[in-house]
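Summarising the annotation, Swiss-Prot assigns transmembrane segment to 121-141, 155-175, 183-203, 211-231, 236-256, 258-278, 327-347, 349-369, 381-401, 405-425, 450-470.
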Amino acid sequence: MSGTVMQIVRVAILADSRLTEMALPAELPLREILPAVQRLVVPSAQNGDGGQADSGAAVQLSLAPVGGQPFSLDASLDTVGVVDGDLLVLQPVPAGPAAPGIVEDIADAAMIFSTSRLKPWGIAHIQRGALAAVIAVALLATGLTVTYRVATGVLAGLLAVAGIAVASALAGLLITIRSPRSGIALSIAALVPIGAALALAVPGKFGPAQVLLGAAGVAAWSLIALMIPSAERERVVAFFTAAAVVGASVALAAGAQLLWQLPLLSIGCGLIVAALLVTIQAAQLSALWARFPLPVIPAPGDPTPSAPPLRLLEDLPRRVRVSDAHQSGFIAAAVLLSVLGSVAIAVRPEALSVVGWYLVAATAAAATLRARVWDSAACKAWLLAQPYLVAGVLLVFYTATGRYVAAFGAVLVLAVLMLAWVVVALNPGIASPESYSLPLRRLLGLVAAGLDVSLIPVMAYLVGLFAWVLNR
């Protein structure tokens, strides 16, 4: 029974010109007993004095002998040699790297100073878990209500989805003021119920009208999220930019299908054209959306323009980061649009001509060659991923619809792409532009330009534009 008794030590603690005697556990780390010590020796923190509480949160405190250095927070009073009757001082831990911890065994040291012990479970983990639970429940409830609405056609399903969408949107807007990161996560999750609610709001069988309203809602909410100021806005500018561009493009494609009953091949060509336009204008649009100051070039004889305001110059680094994020979002949207267009063109492989297959392959090759132009790692990654995304989506679709020969062809394409990546990884010089001679660079640029130029005539031929002009 004596082994279960906790050893204590009676000490006097001096803090803020106040001497307090107390009995403390001798075998617990100081990190665990200091919060209680601070509450006892600094009573102002309990009386609502915000200054003491804030300073305690900003400056880490520890016990120390009079005139000595603070003890390590991972050491116990017994380890540092504190005995009954000692006088200790509660003082801040000096800034800089922490002193080596005091341990009695190397195995204890390996465990005490491991990453999991230095970053233990805390309130931040509980908050993240609560946020993840809220998002998961919202998404699962959205899936349930959408399924219920589609299966039964009852109005209650639509009202439930609309309620989830409104609650998610309001939560994202309101929580962003207090916790920007949590609010942004909720804003991203709100895209699903918003799109689902607007799509289900259109009566009738699922078709272009539902896609039009759902995509328009996703684009509108993405633009709203981009306009909301927050401390974490720069982290999600790329995501909402891509969502807005893809949503607007898909909405336009669905509107064209709704008005003119276009074939799926024409819709795919239109999406590829939109992807090309977004890619070409990505740099200009990103600078415009980041609100870069327009250059003022005076004409000969005009007075020299005044210097930009200091506040504008100080804000330029932030605008550069925002512009880079917008650019990554535009490139990601262009890649996703080209993937959607290629899949729409090749969705029926048995009815697709050689020209159609050339368009799919040329679009992928042009995106890969276009990656050499961009310095951003995110832009390069998206452009190089375009062939994989197209082949992967087609593989899943062909397998699901029983087109196993076409699915086997998609697997072969993925295998060839994988071998290409392995070869480049083993020979890094292939991916280094400096290793290419000037004639080879010109040849590569000529091939890329030829692929880009050939896309528009091929798409015009596929949609029947040439035949329409000749048969007028």
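Quick reminder: no glycine exception, Cβ is built from N, Cα and C everywhere.
Ranked by Cβ pairs under 8 Å to the transmembrane segment (381-401), the stretches 121-141, 211-231, 236-256, 327-347, 349-369 are led by 327-347.
Sequence-distant contacts of the transmembrane segment (121-141) (same chain, six or more residues past either end, CB-CB distance under 8 Å): 160, 164, 167-168, 171, 182, 185-186, 189-190, 192-193. Segment contact is absent for the transmembrane segment (258-278) and the transmembrane segment (405-425), given fewer than three CB pairs below 8 angstroms at sequence separation of 6 or more.
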